[in-house]
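J.: Please find one structure pasted underneath; my questions will follow.
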Amino acid sequence: MSKETRDAAAEGRPSYKDTLNLLQTGFGMRANAVKREPELQAFWSDNGIDGQLGLQNDGPTFTLHDGPPYANGALHMGHALNKVLKDVINKYQVLKGRRVRYVPGWDCHGLPIELKVLQSMDQEQRKALTPIKLRKKAAAYARKQVDGQMKGFQRWGIWADWEQPYLTLQKEYEAAQIKVFGEMVLKGHIYRGLKPVHWSPSSRTALAEAELEYPDGHTSPSVYVAFPAMEVPTPLRDALKAEGLELPTETDALRQALQVAIWTTTPWTLPANLAVSVNERLDYALVDDGSGRMLVVAADLIESLSTTLERPLKHRATVKGALLAGLIYRHPLLDRTSPVVIGGEYITTESGTGLVHTAPGHGVDDFHTGQKHGLPVLCPVDEAGTLTAEAGPFAGLNVLKDANPGIIEALEQAGALLKQEAYSHRYPYDWRTKKPTIFRATEQWFASVEGFRQDALDAIDQVQWTPASGRNRIEAMVKERGDWCISRQRTWGVPIPVFYHHSNGEVLLNADTLSHIETLIASHGADVWWEKDETDLLPPAYANQADQWRKGTDTMDVWFDSGSSWAAVSSQRESLSYPADLYLEGSDQHRGWFQSSLLTSVAVNGHAPYKRVLTHGFALDEKGRKMSKSLGNVVDPMVIIEGGKNQKQEPPYGADVLRLWVSSVDYSADVPIGAGILRQLADVYRKVRNTSRYLLGNLHDFNPASDAIAVADLPLLDRWMLQRTAEVMHEITEAFESYEFFRFFQLLQNFCVTDLSNFYLDIAKDRLYVSAPTDQRRRSCQTVMALIIERLAGFIAPVLCHMAEDIWQNLPYPVQETSVFQRGWPTIPSDWRNDTLSAPVQQLRDLRAAVNKVLEDCRGRQELGASLEAAVRIDARSPELQAALSWLNDNGDPDVDGLRDWLLVSQLQLGGEPWAEVLSNHEDELALIEVSRARGTKCERCWHYEGDVGQHPDHAHICGRCVGVLERRTHQLV
């Protein structure tokens, strides 16, 4: 028994609760998502909705090609942002009738997995580990990680071809990758060379740009060093003589009198110094440092160097950099002389001395300058970062540990150290081991970007980039990038299928060998490279030469793996397209997957592998900080869904709230997430759910087939609601088409809360609850509610997929489609659109808001409770409001469109004399509003205050309108 019924019984009054049309629905007020969402996912699976629906559509193919996450570690908020964005887009395209097959992928090779395998073994097991055993264990580990991540993605409501994902360790994938490599070889884009590359001593392998990170706070020991001159070219002597400066001719005197000053942040590279480079266009000065010697420095840096070196520098002469070329200096630590040479535009006066220490084996600019001047590529550092015998007395020192202090001490003892100071700057670290990297010249395999750089830039122009800044970013990277080092000195990867001649190191890599290896890998997988010897790996034409060749041991950069996915997946699998319609990943992939995919596709086929690229930012905490265990600010997506250990502090919100978060953020920038944000999102989710529940609950006795009212016969309020729904649907469609999902979020929230709950449904309560069941005023509202709930379910389906399906399964009348996704994207009938309704209704909504403000003022003073306790007088001031009131009076349905009903007050007076007794009033440009207490008695059924309550003997406590309803109700329910 309800409180109202108990109170009525206690006072001897009849209860009319059972005569009202109350909510009836199985759609719960609470989502109970932990239980209900998996049930809905099982429903999709059992009915082939998630797997087959997209393939049954007959519209154009839509391919969102999945960038493969790494098969290692737990899922995090970055995964959630990425995968949910993709799923929202795919579900929208399915609803739009496009043919959609989403193939999820995983990146399965590489060092992290190899290290995980090694870390799980003791020393003895590692000693017994062969390459093929390591590969088998790595593959098993990767597959286990894939299984775990896949379950997580599925729990988020992600639809994909989970039965046939692509893994970069699959033999068909590896074969396609070999084919891409082979075609690049045959087109002349692949070569082997000795060049400085990013080298990780901690991983003992070369790294690509995309495998580097630049943490804050790195400090290097920088040194200013003087190299004594041994020989001065005649043109330089003559120029200095013309300025009144004559240099000694005797060598010992010259080396004391003239020295070239350099600056470096890598003292450990000084044993590899083979030149000092200058910019031929810069002015260089000879300055006296007060110790009986002259230093050569950039003229523009004299003042700053004087401060840095803490000594006055007296200017003696100035010459152009071009004249310094050919000066011979002596290495201050080794028995070696080297030249001053002309470098490039990388030599500036922004820092240092304007003269650059040049070690061709340890820097890209140094290497190119060395090549230009015929310098050897000296690299006295081994794979572990230890200086070799070529470093002379420094052999055995580690470049990242004791080499710098040892060399700095030697410089000081030699009198060559001008200054030492700590220098903070960006420095590359191995993204996996988090240890510093170095530049080290080694024999590596490269993809020569020069051969197709312009084609790649042209291809970038043909792609749509979202946001547009992405185009500038990748264009700058491709313009400036050097050749791509694609070889790695690791076991767990796809082999570079090359053979080397035993006697002379000649390389065997041609169409015949490539085709043979591709066929072997297609049949057996890349393990075949380690399982078989040269006799089987070489094609038949070379079988009798097998003893002359040895197979290579390098594997391919994992970015070449994932960068070949267009060849292994998009262009091979059924129901996919190449170029793909969309690539969608984090903004860091401009230098990663977007770029590696672009380069391989352009190199082989001359065009980009994608038509559009969309990038998102990173998930941060609510304070805008990166998530880290040390800060304790990591948000776990599975805790959002299932709840944490303390479910009061970390309640289970379900996957739809996680998905709603993704739709709420401007993903083009970094996006925050945390407990406070989740509470706000859960509140929005509840409002959408409660609005949906209210719509469903009022349709329990309604069947559109027999009970619907024609749109043309609907009251103004109902026709406006359809017009407003049409406007919102149009804007939501635009938001999905332009991938601006935050607009969808805002539109949905405003539609459910402002348009429906606070306005239309608030006004509709009287006719829904109080009317006789089949009264036209009720049926017209139910007609609108049915039309809206079906479309609401449809347009939230890409984001709130579980709620949308739950709504559909709780529709209380029969529909043709088993699932909301089978209905397709909601359509708007043309007769819903009536733009003439918008302006007058907006005026009336503004009036309603103004009246509510005055009523709230009365409530605040406890002079009124419910709005039905009020009587209101309105004197319209603005011409627009006056016109709207006339429009409503002339065109409105008296049973629905009375202004009194729209304002939810018991009495209303328009114009006339001011009231003598008012509780509150307000006047502005819109209207004068007066509020008084309603006259009459409260009807116990509809709660309106009416003058005829008590005039009906059989129903002494209700108004005449309700008496009439009860009579009709009795007749209708017979």
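Here, residue 1 is simply the first one shown, and the rest follow in order.
Just so it is clear, glycine is given a Cβ too, placed from its N, Cα and C backbone atoms.
Just so it is clear, the model here is predicted, and its values are computed rather than measured.
Relevant sequence annotations retrieved from Swiss-Prot are reproduced here:
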| type | residues | note |
| --- | --- | --- |
| MOTIF | 69-79 | motif ''HIGH' region' |
| BINDING | Glu585 | L-isoleucyl-5'-AMP binding site |
| MOTIF | 626-630 | motif ''KMSKS' region' |
| BINDING | Lys629 | ATP binding site |
| BINDING | Cys939, Cys942, Cys959, Cys962 | Zn(2+) binding site |
J.: On the three-state reduction of DSSP, what should I expect for Cys962 (Zn(2+) binding site)?
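T.: In three-state terms, Cys962 (Zn(2+) binding site) counts as helix.
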J.: Would you kindly give the Cα-Cα distance separating Glu585 (L-isoleucyl-5'-AMP binding site) and Cys962 (Zn(2+) binding site), rounded to the nearest Å?
T.: 61
J.: Within the chain of Cys942 (Zn(2+) binding site), which residues six or more apart in sequence place their C-beta under 8 angstroms from its C-beta?
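T.: Residues satisfying the criterion: Asp766, Val770, Ile958, Cys959, Arg961, Cys962.
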J.: Using a Cβ cut-off under 8 Å and a sequence separation of 6 or more, which residues in the same chain sit near Cys939 (Zn(2+) binding site)?
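T.: In sequence order, the residues whose Cβ lies under 8 Å from that of Cys939 (Zn(2+) binding site) (at least 6 apart) are Tyr945, Glu946, Val949, His957, Ile958, Cys959, Arg961, Cys962.
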J.: Looking only at C-alpha atoms, tell me how far Lys629 (ATP binding site) is from Glu585 (L-isoleucyl-5'-AMP binding site), rounded to the nearest Å.
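T.: Rounded to the nearest whole number, the Cα-Cα distance is 24 Å.
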J.: Using a 10 Å radius around its CB, how many other CB atoms surround Glu585 (L-isoleucyl-5'-AMP binding site)?
T.: 21
J.: What average pLDDT is reported by the model for the motif ''KMSKS' region' (626-630)?
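T.: Result for the motif ''KMSKS' region' (626-630): average pLDDT 86.
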J.: Count up the helix, strand and coil residues in the motif ''HIGH' region' (69-79) according to DSSP, in that order.
T.: 3 helix, 1 strand, 7 coil
J.: Kindly assign Glu585 (L-isoleucyl-5'-AMP binding site) to one of the three DSSP-derived states: helix, strand or coil.
T.: strand
J.: Compute the centroid of the Cβ atoms of Cys939, Cys942, Cys959, Cys962, then list the same-chain residues not in that set whose Cβ lies within 8 Å of it, in sequence order, for the Zn(2+) site.
T.: Val770, Glu940, Arg941, Trp943, His944, Glu946, Val949, Ile958, Gly960, Arg961, Val963
